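Asker: Sharing the feature lines straight out of TrEMBL:
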type	residues	note
DOMAIN	3-95	domain 'Pyrroline-5-carboxylate reductase catalytic N-terminal'
BINDING	Ile7, Gly8, Val9, Gly10, His11, Met12	NADP(+) binding site
DOMAIN	157-256	domain 'Pyrroline-5-carboxylate reductase dimerisation'
Amino acid sequence: MTKIGIIGVGHMGSAIIKGLKKNPNNKIITENPVNPCVDKLAKELDFEVTNTILDFMSKRPEIIILTTPAPITLKIAEELKNISKDTIIISAAAGISYLDLKKQLPNNAIARIIPNTPVAINAGTIGLFLSSDIDQNIQTKIHDFLAQLGDVIAVKESQLSIVGTIGGCGPAFVDVFLDALGDSGVLNGLPRELANELASSMVKGSASLAYESKLAPSLLRDQVCSPGGTTIKGVASLEKNSFRHAVIDAVNAANQN
Ligand SMILES: NC(=O)C1=CN([C@@H]2O[C@H](COP(=O)(O)OP(=O)(O)OC[C@H]3O[C@@H](n4cnc5c(N)ncnc54)[C@H](OP(=O)(O)O)[C@@H]3O)[C@@H](O)[C@H]2O)C=CC1
Ligand SMILES: O=C(O)[C@@H]1CCC=N1
């Protein structure tokens, strides 16, 4: 049994809990200000809730994941200063540096991650930064622990921001695309539910083909565009409307910390 502590049961914290609960060997203890929604979720998913850091620390979690709003994450880290030095700390707070976290918790192994909401179904993309001063066995333990939530992409800390923007913010950009695809189905007479199912199934399959084949997206696109056919007309329309530039611009806008 691994005792995992989650501080901050909001959107990201909840998604991580859902993913971790698939493994019966994970025992989840959380800390969050009193919130009936968190208590309701705790009943549904069967995890423990505490409302103070002191109470939380008394449960002796082996691994702590910080999914609190970025601006208060260092304050939370400071409140954890009496935690056992063997406790592994994993911060999901975007933009909070390793050195700043290390100043608060100098004796603990600390990892920075940028996960994404698909961790809820163990299909996440998790950008990971591990400092080279962390013992190799602990690095492996952290990597293996996170792998139960999805694909772990280990990078330098300087790369974590863009990795987090594409991997962490990306689901929202894909959701905008899915929503627009659904609208186009409804515009052409499909019921909304069917249109949304069609759109998400198509994106799931296209992403899996790109991921598994490792072919460049431009080659996969060429395989769909029959000469003089319908798809190339749609692709030309996307180009006319600066679709690719809009995507690049969205990532750059989100990546400005
Ligand atoms: N959402 C995402 O997809 C991703 C988020 N992240 C990171 O995760 C973190 C949380 O984001 P997100 O889940 O979206 O935000 P939410 O606002 O949904 O969740 C934040 C949670 O933290 C709780 N909280 C606030 N203050 C405290 C405190 N003092 N002690 C304990 N818990 C507290 C809030 O409680 P309450 O509201 O009940 O008061 C809330 O449940 C951020 O640092 C963000 O950068 C990283 C990658 C992806
Ligand atoms: O919107 C945010 O700030 C967080 C970080 C990555 C995804 N969500």
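Every residue gets a Cβ built from N, Cα and C, even glycine.
TrEMBL entries are annotated by machine, without manual review.
Show me how these features fit into the shown structure, please.
Answerer: According to DSSP, Ile7 (NADP(+) binding site) sits within a strand segment. Long-range C-beta contacts of Ile7 (NADP(+) binding site), restricted to its own chain and to partners at least six residues apart, with a cutoff below 8 Å, comprise Gly13, Thr30, Glu31, Asn32, Ile53, Phe56, Ile64, Ile65, Leu66, Thr67, Thr68, Ile76.
When pLDDT values are averaged over the domain 'Pyrroline-5-carboxylate reductase dimerisation' (157-256), the model yields 98.
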Asker: Mind checking how the domain 'Pyrroline-5-carboxylate reductase dimerisation' (157-256) divides into helix, strand and coil residues in DSSP?
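Answerer: Across the domain 'Pyrroline-5-carboxylate reductase dimerisation' (157-256), DSSP assigns the residues as follows: 84 helix, 0 strand, 16 coil.
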Asker: Could you tell me which of these binding-site residues, Gly8, Gly10, has the fewest other Cβ atoms within 10 Å of its Cβ?
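Answerer: Comparing Cβ neighbours within 10 Å for the binding-site residues Gly8, Gly10, Gly10 has the fewest.
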Asker: What is the Cβ neighbour count of Met12 (NADP(+) binding site) at a 10 Å cut-off, with all protein chains included?
Answerer: 24
